[in-house]
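Colleague: Pasting in a structure now, in structure tokens, and then I'll have a few things to ask.
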2 protein chains.
Amino acid sequence: MDIQTLRTRHPDHWMRAAAIRTLTLDAVAAANSGHSGMPMGMADVATVLFEKHLRFDPKAPNWPDRDRFILSAGHGSMLIYSLLYLTGYEDITLDQIKGFRQWGMRTAGHPEFGHAGGIETTTGPLGQGIANSVGFAIAEANLRARLGAKVMNHRTWVIAGDGCLMEGVSQEAIALAGKQQLSNLTVFWDDNGITIDGKVSIADVTDQKMRFLASGWAVFECDGHDPEDIDRAITAAKKSDKPQLIACKTHIALGSSAQDTSKGHGALTDAKLIADTKAAYGWTGGPFEIPAAIKAQWEAFGVRGAEARAAWEANLAAMPAARQKLVARLFSGAVDERALARAILGVKKAAVEAKAKIATRSASEKVLTAVNPVVFETIGGSADLTGSNNTKTPDLGVFSPEDRKGRYVYYGIREHGMAAAMNGMALHGGVRPYGGTFMCFTDYARPSMRLSALMGVPVVYVMTHDSIGLGEDGPTHQPVEHLAISRSTPNTLVFRPCDLVETAEAWQIALSQKSTPSVLALSRQNLPTLRTDAGAVNKVAKGAYVLAEAEGKRQVILMATGSEVEIAMKAKATLEAEGIGTRVVSMPSMELFAAQDEAYRKRILPPGSVRIAIEAGVRQGWDRWLLGQGGREAKAGFVGMKSFGASAPIDRLYKEFGITAEDTVALAKSLI
Amino acid sequence: MDIQTLRTRHPDHWMRAAAIRTLTLDAVAAANSGHSGMPMGMADVATVLFEKHLRFDPKAPNWPDRDRFILSAGHGSMLIYSLLYLTGYEDITLDQIKGFRQWGMRTAGHPEFGHAGGIETTTGPLGQGIANSVGFAIAEANLRARLGAKVMNHRTWVIAGDGCLMEGVSQEAIALAGKQQLSNLTVFWDDNGITIDGKVSIADVTDQKMRFLASGWAVFECDGHDPEDIDRAITAAKKSDKPQLIACKTHIALGSSAQDTSKGHGALTDAKLIADTKAAYGWTGGPFEIPAAIKAQWEAFGVRGAEARAAWEANLAAMPAARQKLVARLFSGAVDERALARAILGVKKAAVEAKAKIATRSASEKVLTAVNPVVFETIGGSADLTGSNNTKTPDLGVFSPEDRKGRYVYYGIREHGMAAAMNGMALHGGVRPYGGTFMCFTDYARPSMRLSALMGVPVVYVMTHDSIGLGEDGPTHQPVEHLAISRSTPNTLVFRPCDLVETAEAWQIALSQKSTPSVLALSRQNLPTLRTDAGAVNKVAKGAYVLAEAEGKRQVILMATGSEVEIAMKAKATLEAEGIGTRVVSMPSMELFAAQDEAYRKRILPPGSVRIAIEAGVRQGWDRWLLGQGGREAKAGFVGMKSFGASAPIDRLYKEFGITAEDTVALAKSLI
């Protein structure tokens, strides 16, 4: 259909969609940057979705049972900003649209979670939105089963482009959603045939519909510019008992001279092009001018959702007080701190009593076994390493099409998809996801782990086999730089506990976070219980503390984390026997230690002693604590890895790589 | 078919395959760790492949025109070790098999490139092998077109498991191979229906055959235990003009009591289980005993390849001397250093003359424009950011089914698949791949970038838009921690050049590497030409050097990289004007600087001055140079990022995040 036909056949629809298109053209021109083509191409689909299907209430953007709308093709951010402005979300005013991509505005280059109601997740790194959406849909299905359909019963809608579908993470998401038969999930594919480098066909000939069918999706098609056809496809899709792809044939940068070209993908800022395009649309208003009648039509689309919300609130108000309280708490993001503290304290007490020598991954399992029954919102999982990550506890059940109440997800061999799904669950609210893989494979999950931190979602990454200590599997499986990588990332808490007590304290902190993800680095190998106290005080919360004080005059401070704290304690024993007073500082979280005031940090790491850090990873990140002596120069050293690991039994590896008590003692003596 | 039928129907084949199975059982038992089930399941397929199809010569494992065999399911490493031992590769002796997974042995837990001839790539992180294989096949097709089929004409064979196919990177690889119609590539799918967590169906219901068909592959099937059926499928596959999937229905841990179970995936070490299994096989020898007759049959399989190699060598010997020399050089991994140096020198001379203000990504394009015509082996590409990464030069042509001579690959929006393919190309030999994306999306490529470093392949990552300096696209696109991440990785050279001269020098070093990958962090924004010298000396090679000396008494040393060197120079001008002698050290590569002797490092960073580092990234990694004063305490500071970035024009961002000459001057004065 040409533009003229589209305009005349559905004139009201046309002008509503044109409002998106012209706002996009104007905002991108004002910013002199951005992406015009995608919002211009998908305006019709979005208009029909918001008009007839999406359950949303601009006045209550955080209403728990709203539909979620996810713009996976985040570069087309002007699409969502236009939609939020037109329908009347108060965060996105016309001034925000005019300030697109400027400092301090909510209308960032790509949609940023937290900037405005209606932005459900941060997108832009391609494939993330569609992969998040699987988490949204899992959370909804799980809560629907556990809280009832009167509390939770909504859909998740996604707009994805060719970039999203080329990224590998989309395959992980598609396959997971297909297996889980997430019928509450609908993905619109913006099939415009264009990427930055040219036609899609220069890099891809995939039959996307066949690909989705292969993973158990239902597939629908429509002309992405024909509102009747779009509505028909959506209506049909909603009836499916599988997740649905709606392939929308569209024209990027519709109606402009850049239509159907790579140029159309980017920023269309040429004044004549914009004027000509608006003329082709039949649009007569000036820049950023939306006729009141059109704005009113858009705002009316929120009525359906407002009514639904009112009904939902009435339903909730009729429920028992305890249920109302639970729902309120779940969607506030706060766990039941008292129940959590009780469970943690129980684990700690049992730990100092039993003094068991267990791996911190097993310690983590003990913690979860105590915590999961009393923390309603945890949803565990693993990327096909359940028995190794120790993430499954008996009470959870398994989430599946047959058991939607299950709280454990078999993510398959999909670390990236798992992390992205966990982000989606946490963003959905009502659940707190944790998931496991080997620490080395944080690499695979890295793009989504960064987004956990950027968005500030409190997911917990259970990363076991956290050093060469995993032994024979060798360097491909042995993290060396991964603690440094996680620590380099802003707004990320990295924990490397040394025993069961520290593991319990780390979990307590991680589950109490509201806007920070946590990475738990846990050992494969058994470790002794080093902590002897098990009070209510959470020592890990300070990041670092004196685990064992020097007996004589302090000459050496040994800092260590995780499995290397045991080595520090052994080295201390030897040094003390030789009259060298040695303090051992356990530093389970550098970030939390860095957050303490200087007085505390100086108390733990006073100047004047030789300092040695022991960690079976690279030195990067340690120099701050080793060399920052604060006024009095002293010597420092590091016992750790300088290269990748190797395949051999654990003891041999620690010996060959020089990470032993003997190496530590020798280094300390050489520095004194 | 039950085991009894298999044994009796093809008794010779059966015993050859049983040799793999029993070596696996014995080696895993001796190591008390490893993965038994996969080699036991795929032994028949591998046996037929080596017997009848694979073109290999154990006496010449590096013969350039050999077929490549890639065990993507790397946990089944005993499969390849068995094959290499049985066919007579000298690196893998029986002692090596007996020393499986022990310190110093070639038979690591997962196959490690460089440990033994016949191991073409390091696998274990799932999906990497299949994604590497696309690079192998591209390299072969490209060299076949450019050097002729008498020099290059071989196939790449891959064994992949369900784990490989669930990892997202496999989708990127499959789609890229399908688009490129790589008919020289055959993937065997070990379809055993089992993963660590249980049946594949608990996490995946994907119809894999349909999925491959959707991306343009030819699909074949066989009973993975019937040698005739396997041979039939391979023979048919070889005739296809598309890449081929051969779906092999197999039983994990065939013939053991753990057959078809998750237990069978791991280490089968129970003595009775092993004895029972061997009995079921009809195997009577003791541990590690291979009857001479069976060994002889295996060794005879190499004759076909040895003959092919002799013919290949004869063909080559008949070619013009220049061609012979070229082939020898290409497969030695050495570039034409003189031609490269000449090209680099030309760029440097033009740069100091023109004094242009250009982005280092454009600088990189200028370098490539000079280098590509004289360096035969470069193959460029980008993950759909060609115009932004500036990776395409006019002479390259585009690699495609229509033009196999093209030296530029449109990888699509597949950073991970690109990196893995580049690893494969570099491992194949004869080409030197470089590829671009945004620095922030090193996250997506991370698992393969780590493997570049671990394997020691000299690929070059062209990472543009290397800081908040990219501006409006916002925090999802702004690297903050990524320099620290790349620097934390062993055996990786990270370059952040400040101008065209440094960019040229960085490229020279990167292209001269034989066993180290390089990451070039390049600016989006324009930068002045700061270097005024353009001699043959490569200053970047020292990692850091004095770009501008203090005019008066030196009180301050400013260290900076890339776009922040300009800020350092401006701050120096202000400080000098106030009588504060200030040295500016450009540090384009921390790794190369760390590799210099202490005398040089002290010369560049003498003790006693205030030190300030300026880099629009996190501080992690800088403390070594800031705080390590070597005996005399002085104050230090950092001008850089403490959080994620934001969406706004560049100047505003640098100002808001406090990364300006003014901030630097104020900090310096506060520290003096």
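Keep in mind that glycine also has a Cβ here, set from the backbone N, Cα and C atoms.
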Colleague: Figure out which of B:HIS53, B:HIS75, B:HIS225 sits with B:GLY124, B:PRO125, B:LEU126, B:GLY163, B:ASN192, B:HIS265, B:PHE441 in the thiamine diphosphate site per TrEMBL.
Modeller: B:HIS75
Colleague: According to TrEMBL, B:ASN192, B:ILE194 bind Mg(2+); so which of B:ASP162, B:ASP207, B:ASP223 is the extra one listed there?
Modeller: B:ASP162
Colleague: What is the biggest Cα to Cα gap, in Å, among B:HIS75, B:GLY124, B:PRO125, B:LEU126, B:GLY163, B:ASN192, B:HIS265, B:PHE441, the residues listed as binding thiamine diphosphate?
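Modeller: Max span of the thiamine diphosphate binding residues, Cα based, is 34 Å.
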Colleague: Out of the recorded positions listed (B:GLY163, B:ASN192, B:GLU415, B:PHE441), which are within 10 Å of B:HIS477 (substrate binding site), Cα to Cα?
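Modeller: Qualifying among B:GLY163, B:ASN192, B:GLU415, B:PHE441: B:PHE441.
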Colleague: Sorry to bug you, but what's the C-alpha spacing from B:ASP162 (Mg(2+) binding site) to B:ASN192 (thiamine diphosphate binding site), rounded to the closest Å?
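Modeller: That separation, Cα to Cα, works out to 8 Å.
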Colleague: By the criterion CB under 8 A from chain A, which of the binding-site residues B:ASP162, B:HIS265, B:PHE441, B:ASP473 would you report?
Modeller: B:ASP162, B:PHE441, B:ASP473
Colleague: Please give the substrate site's span as the largest CA-CA distance among B:HIS35, B:HIS265, B:ARG361, B:SER388, B:HIS465, B:ASP473, B:HIS477, B:ARG524, to the nearest whole angstrom.
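Modeller: Across B:HIS35, B:HIS265, B:ARG361, B:SER388, B:HIS465, B:ASP473, B:HIS477, B:ARG524, the widest Cα separation comes out at 48 Å.
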Colleague: Determine, to the nearest whole angstrom, how far the Cα atom of B:HIS75 (thiamine diphosphate binding site) is from the Cα atom of B:HIS465 (substrate binding site).
Modeller: 37
Colleague: Taking the recorded positions one at a time (B:ASP162, B:GLU415, B:ASP473), which has its Cβ surrounded by the most other Cβ atoms within 10 Å?
Modeller: B:GLU415
Colleague: Of these binding-site residues, B:ASN192, B:SER388, which scores lowest on Cβ atoms within 10 Å?
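Modeller: Counting other Cβ atoms within 10 Å of each of the binding-site residues B:ASN192, B:SER388 gives the minimum at B:SER388.
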Colleague: Grab the pLDDT values for the domain 'Transketolase-like pyrimidine-binding' (B:358-529) and give me their mean, rounded.
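Modeller: A mean pLDDT of 98 is what the predicted model shows over the domain 'Transketolase-like pyrimidine-binding' (B:358-529).
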Colleague: Just the number: how many Å between the Cα atoms of B:ASP162 (Mg(2+) binding site) and B:LEU126 (thiamine diphosphate binding site)?
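Modeller: Just about 9 Å between their Cα atoms.
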Colleague: Around the Mg(2+) site (B:ASP162, B:ASN192, B:ILE194), what further same-chain residues have their C-beta within 8 angstroms of the site's C-beta centre?
Modeller: B:GLY41, B:GLY161, B:ASP190, B:ASP191, B:GLY193, B:THR195, B:VAL200, B:THR250, B:ILE252, B:HIS265
